[in-house]
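Listed in Swiss-Prot for this protein:
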- Gly382, Pro383, Thr384, Gly385, Ser386, Gly387, Lys388, Thr389: ATP binding site (BINDING)
- 351-602: domain 'SF4 helicase' (DOMAIN)
- 24-123: region 'Zinc-binding domain (ZBD)' (REGION)
- 24-333: region 'N-terminal primase-like domain (NTD)' (REGION)
- 124-333: region 'RNA polymerase domain (RPD)' (REGION)
- 1-25: transit peptide (TRANSIT)
Amino acid sequence: MRRAGLIKPLLRINNEKQRVWRKNYATQVVSGLEECSLDPKEYVDFKRQLRQLNLPHKDGHTCLQLECRLCDRNRQPVTNAQKGTDHGLLAYVNKRTGAFICPNCDVKTSLTSALLSYQLPKPVGYKQPLQRQPVYESRFPHLAVVTPEACAALGIKGLKEDQLNAIGAQWEPQQQLLHFKLRNAAQVEVGEKVLYLGDRREEIFQSSSSSGLLIHGAMNKTKAVLVSNLIDFIVLATQNIETHCVVCLPYELKTLPQECLPALERFKELIFWLHYDASHSWDAARAFALKLDERRCLLIRPTETEPAPHLALRRRLNLRHILAKATPVQHKAITTFGAMRNDILSELQNIEKVNGVKWKRFPVLNKLLKGHRRGELTILTGPTGSGKTTFMSEYSLDLAMQGVNTLWGSFEIRNTRLAATLLRQYVGYPLDDRLHEFNHWAAEFERLPLYFMTFHGQQPLKPVLEAIEHASYVHDVMHVIIDNLQFMMGVSTFRGDKFFEQDSIIAAFRSFATKHNVHVTLVMHPRKERQEDELTTSSVFGTAKATQEADNVLIIQDKRLTSVRGKKYLQIAKNRYSGDLGIMPLEFDKDGLSYSTQIQNAKRKREKTPSEN
């Protein structure tokens, strides 16, 4: 199977498509694992090898569990007391990516490399992967037991300091924060998560190669409640819920690294009870459920009577009754209004979040499209040279700055040029004459959740779909941009009608957007029209299927070359969500490569202020 790669913006471009680089977030996980798509044949061969060696293994919800042959501890005899109880002796193989992870010896390698260690005799030239005992050094050396004053500062009614100490909380008096340890599936400490009592801000610190979870509850429990922040974790963990463990996600609703999945394998039921504090996080539970196996996942939709745990406690609602009302994420083929009633009420009470992420640079789009929503298909078209890529760069940058994980597939221009355009739009002016500022802005820009496919030029559909499916699973990508669709035609084994081929490609992206709940934006060229004629939905190249499948159709109209007073504007020609159609004027700022009137007005204000003084 051909593996697809992603690059780290502005820092490294890898031309070998088999490599994948994970972006380094501020306060987000930095994975040392070489991530790749799993070849099903490798996985089948690996399981066959285990059967031939009579090695016990178990197919879990997301991982294959087996004895680690790379771990030094496993070369020593295992006592009867350890059998079946010591999770540190287990290794995990992710069934989607093929990542081989041992949380005990911190070995992370590909399935191909791990397969060699299970072969007898060992192949010639075989080298044992480097093992290192995960050791995490805390950034907070002055930790103490929680004091009554610290407990009172949380503002949770009825909470005692003894309860906080019992769930593993520690107090850092100098910075006025509560501290919790994060552990992996082997119960090894790999990081820490802290809550500043002053502004209720949370921060996470992890070791460079691991990612852990905060779990409270007995090891024999098979049900768990997943929450997104420490306040909700404290509320539920101190309520003595006998049937469920309480799990705090490490990165709130931004991403769920695959290194966290082994620690959740033992649970047969997972209930998402999340606090949705931003529009882009509204569908996070469904996205995480796809990664964790939908069949074991349930969901508590936020309503006035079923809010987040800390809000429910403040309103004196019965937490156990709310927990009992959790509904399956995966619905049956046929349902009733009664089954959907709570979902509908939740959407009506949270309509702004349901509308999607609002653009800050393009307020007109907010009025017409209402927001950027996951699971939709958008088509952007316009004449050659009209600025489709430049506009889409700023359009996607606006969303990425608000936490929308974005994957760019630029087949027309190289990633270095695209990344340079995005950086210039981010800064607002060119950096070629201010090179001393580059490191500062590059470091700021690198914090954005942006990923790039390393494909360039014509590409067949299969490896591109493999790449975006991998990105949606590993990096929790919410927005995929393909620029442009015509570069994916004419290179497949299909030798039929080109319009039928394009329809097949569009159908594949439509299916992907719906199945994986990811917004897909396709940049397409229009068919050749007379310059004086306006483009319409029927001007999109190919058959009518493209615009029929799309939820949104955006057309850049450029009349500057055909009329003295001609203008350039973006036309919303189709809007399936709200039905509102209209236009947005496009005025281009060359310095910042920006079409945003907000940015341009701010720039004029800055230029005007010194002259007035």
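Quick reminder: no glycine exception, Cβ is built from N, Cα and C everywhere.
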Largest tally of Cβ atoms lying within 10 Å of a Cβ, found at which of the binding-site residues Gly382, Pro383: Gly382
Spatial neighbours, same chain, of Lys388 (ATP binding site) - Cβ under 8 Å, 6+ residues apart: Leu380, Thr381, Gly382, Asp483, Asn484, Val523, Ile556
Spatial neighbours of Thr389 (ATP binding site) that are distant in sequence (at least 6 apart) but have CB under 8 A: Ser410, Glu412, Ile413, Leu418, Thr421, Asp483, Val523
Cβ-centroid neighbours of ATP site Gly382, Pro383, Thr384, Gly385, Ser386, Gly387, Lys388, Thr389, 8 Å, sequence order: Ile556, Asp558
Fewest Cβ neighbours within 10 Å, where candidates are the binding-site residues Gly385, Gly387: Gly385
Fewest Cβ neighbours within 10 Å, where candidates are the binding-site residues Thr384, Ser386: Thr384
Structural state of Gly382 (ATP binding site), classified by DSSP into three states: coil
